[in-house]
């Protein structure tokens with residue numbers, strides 16, 4: 001908010017109350033769109049000609065080369081590969097990004113591996129590659145263009161808006177919010193990928209993405225730290241039916257802080273440094289893309305706070321189940337039971353980012369108290385995990401240690417576990433320690449696996465435990 005206000009003061013004031021752009025209607029520069037604390041500057045969005053929004057259609061039949069379609073030229077749709085019996089997913093980029101190639105096309109191609117779909121990449125680069133404040137105002141025109149295309153699909157081709165899914169990253173999240181508002185919430189689904197904070201957070205619902213914009217709105221927050229001083233580009237405000245906050249929503253694993261991120265101006269980010277400066281912000285669309293091919297690896301846990309989630313207070317999933325973050329969030333039966341449902345999960349730091357959550361309880365056995373740490377690995381019918389530290393400190397016989405772990409692979413049905421301990425101290429008496437019982441509980445369904453052993457082992461020697 002503060003950054004938008006500062007930038008606004010540096011620009012000249014534009015007079016007038018509204019500007020009209022033909023079939024898209026008129027756009028006011030008065031409240032709540034402008035003249036607010038978060039948006040003090042009364043400027044207009046650019047014209048459709050200046051923004052030059054393009055709709056690039058990819059389908060299973062043309063996964064590599066787009067077909068440009070236009071709402072003002074319906075024949076471009078009729079003679080394209082657009083299929084009326086398929087769902088249509090629009091993907092909209094954000095600030096200084098583009099709609100051709102890159103992550104948008106990659107997301108389409110992942111969709112083609114799991115479904116027959118019309119995938120439309122929305123390119124509004126000419127409207128996004130300007131000062132941030134102007135780009136934020138331009139989102140209204142881009143949203144209007146999308147809404148008009150959906151209306152043409154409905155009136156000219158009988159295609160229901162309920163079959164439309166709008167996906168938007170950063171400023172693109174508010175673009176699709178505007179489109180949904182103009183379609184009076186009849187769009188089937190909207191997904192906001194780290195909706196942009198500056199010029200939007202705290203504003204009335206008609207200005208930003210909100211749950212009334214679609215029949216179902218899901219949001220992934222990955223950069224929700226305050227814009228000042230942490231340069232968090234994303235909203236912390238909950239704006240969907242389901243609001244996912246992976247890793248707490250502020251700092252993503254694998255995104256390292258750097259000195260540049262503390263001094264760079266949002267209007268000065270250049271394309272080649274996006275991953276360097278905005279790593280957290282970009283994680284949202286990377287998580288979504290990965291979820292398409294890994295539907296079970298992003299299970300979220302409804303919880304009131306990340307602290308409670310980390311304390312395992314929201315584990316396992318309740319009887320009604322847990323929602324999946326990303327592509328399959330709409331499979332959750334309770335998705336629209338209420339708005340602003342808060343969901344937490346942890347992810348990996350690289351690769352496909354997937355994780356599976358378990359609660360592990362270890363009961364120790366041995367002759368005397370030792371100090372050190374204990375590790376446990378899970379072995380299942382789908383593979384085995386790496387070793388995870390369960391406890392570090394005083395290791396007392398009969399003591400029980402509990403910890404939740406986020407496992408790097410889906411091991412499936414757990415068949416055995418392996419225990420290891422170490423204190424990294426040379427001991428001539430070669431003491432032994434073991435696990436008499438290890439209980440593993442799955443977060444998905446609460447199922448418990450119990451493993452037992454009467455053995456003890458020396459440090460750095462694996463102990464295998466089998467079902468009791």
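The backbone N, Cα and C atoms fix where each Cβ goes, glycine too.
In Swiss-Prot this protein carries:
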{"type": "SIGNAL", "residues": "1-16", "note": "signal peptide"}
{"type": "ACT_SITE", "residues": "170", "note": "active site, nucleophile"}
{"type": "ACT_SITE", "residues": "194", "note": "active site, charge relay system"}
{"type": "BINDING", "residues": "205, 208, 210, 213", "note": "Ca(2+) binding site"}
{"type": "ACT_SITE", "residues": "281", "note": "active site, charge relay system"}
{"type": "DOMAIN", "residues": "356-468", "note": "domain 'PLAT'"}
(request) Taking the recorded Ca(2+) site as 205, 208, 210, 213, identify the other residues of that chain whose CB atom sits within 8 Å of the mean position of the site's CB atoms, giving them in sequence order. (result) 177, 181, 206, 207, 209, 211, 212, 239
(request) Between residue 213 (Ca(2+) binding site) and residue 194 (active site, charge relay system), find the distance joining the two CA atoms and give it rounded to the nearest Å. (result) 16
(message) Please identify, among the recorded positions 194, 210, 281, the one with the smallest Cα-Cα distance to the residue listed as 'active site, nucleophile'.
(response) 194
(message) Considering every residue in the domain 'PLAT' (356-468), what is the mean pLDDT value?
(response) 94
(request) For the recorded positions 194, 205, work out the Cβ neighbour count at 10 Å and name the residue with the minimum. (result) 205
(request) Looking only at C-alpha atoms, tell me how far residue 194 (active site, charge relay system) is from residue 281 (active site, charge relay system), rounded to the nearest Å. (result) 6
(request) Determine, to the nearest whole angstrom, how far the Cα atom of residue 281 (active site, charge relay system) is from the Cα atom of residue 205 (Ca(2+) binding site). (result) 22
(request) Using all protein chains in view, find how many other C-beta atoms are within 10 Å of the C-beta of residue 208 (Ca(2+) binding site). (result) 27
(request) Work out the three-state DSSP category of residue 194 (active site, charge relay system). (result) coil
(request) Could you list the residues of the same chain, at least six apart in sequence, whose Cβ is under 8 A from the Cβ of residue 210 (Ca(2+) binding site)? (result) 177, 217, 239
(request) Measure from the Cβ of residue 170 (active site, nucleophile) and count the other Cβ atoms within 10 Å, all protein chains considered. (result) 31
(request) Mind tallying the domain 'PLAT' (356-468) by DSSP state, helix then strand then coil? (result) 0 helix, 72 strand, 41 coil
(message) What's the number of neighbouring CB atoms sitting within 10 A of the CB on residue 213 (Ca(2+) binding site)?
(response) 29
(message) Can you tell me whether DSSP puts residue 281 (active site, charge relay system) in helix, strand or coil?
(response) helix
